[in-house]
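Read the structure below first, then the notes.
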Amino acid sequence: MSEQQKTNEAAQTLDGWYALHDFRTMDWSAWKMLSSDERQIIISEFTGLLEKWGAAQKEGNGSHTLYSIVGQKADFMLMILRPTMEELNQIELEFNKSKLAEYTIPAYSYVSVVELSNYMGSGDGDPYENPQVRARLYPELPDAKYVCFYPMDKRRSGDDNWYMLSMEERRNLMRSHGMIGRGYAGKVKQIITGSIGFDDYEWGVTLFSDDVLQFKKLVYEMRFDEVSARYGEFGSFFVGNRLAKEQLPAFLHV
C-alpha cells in the first residue's frame, strides 16, 4: 500500500440491522369518503400488521416504531429495522398492499444500515460479540415521545473535502464531535445509519428524546464543531410525536 493510500485510508464500519424510514402523507379527502365501519376495518388491519411486526422485536429480530410528523412534509413516519434487506422490502410491500396504504401518498423514504465506524477506536476481540456493540448495532427502538430524522453528507469541495483528510485527522475531528453527543447521554438516543450506495445522502441520523428541545440544543451545539461547521451537508429535517398503536383510532378519526 502506498503512503498516499495509507494517508487516505477509508474508515472501516461495523454494520447491523438494515433500516427503512417510510414517510407518508394521508389522503384525507379520500379517507373521509369512507364510512366509519370501513375506516375501522382498515385501522384494525393496520394494527394487525404492527402486531405482526412486533413479534420479530420480541424475538430479537428487528424493531419498528411509528411517529406522527409535524409540518407539511408528511403525516406519519414508519421506521423499520430488520436483519436483511429482503425482510425490509417484505415489510414495505406488506404495508403497500394494505388498505391503509391506498389512502396514503409517499412523501419521502430513506434506506440505510445501522453503522458504527472505527474512528472512535476498537477494543480487543470480535466486536460483534461485544454486548455493548451489539446493543448499538441491533437496537430496540425506544418509546420516546419525540423523534427527529435528517440525512447528511460530508462535504467534498475545494479545501473542505472530508475524503482528502488523513485517517488521523478524521479520527481526531470525530472524537471531538462525539464528545458533544456524549454530553446528551440520557437525554437523546442517537442511531446513525450508513447509506452510501443505498440512498441519496451518506448517512441518516435518527434522534429520540422525551424532551423535544434537546434536538434543537444538540444540533445547534454541533453546528459549532468543525465536523459540522466545515464538513457537514444536511438534508431536510423531520420531527414528530410518538404514535402508539392505541392512538391510531384518534389519529385517523375524521
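Note that Cβ sites are derived from N, Cα and C of the backbone, with glycine treated the same way.
Feature annotations, courtesy of Swiss-Prot:
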ACT_SITE  Y150  active site
BINDING   R136, Y150, P151, M152, D153, K154, H177, Q190, S228  Fe-coproporphyrin III binding site
Local Cβ density at P151 (Fe-coproporphyrin III binding site) - other Cβ atoms counted within 10 Å: 23
Nearest of the binding-site residues (R136, H177, S228) to the residue listed as 'active site', judged by Cα-Cα distance: S228
Local backbone state of S228 (Fe-coproporphyrin III binding site), from DSSP in three classes: helix
Among R136, Y150, P151, M152, D153, K154, H177, Q190, S228, the record's Fe-coproporphyrin III binders - longest CA distance, Å: 23
DSSP-derived structure type at R136 (Fe-coproporphyrin III binding site), helix or strand or else coil: helix
Same chain, 6+ residues apart, C-beta under 8 Å of the C-beta of H177 (Fe-coproporphyrin III binding site), given in sequence order: M222, D225, E226, V227, S228
Spatial neighbours, same chain, of R136 (Fe-coproporphyrin III binding site) - Cβ under 8 Å, 6+ residues apart: G16, V114, L116
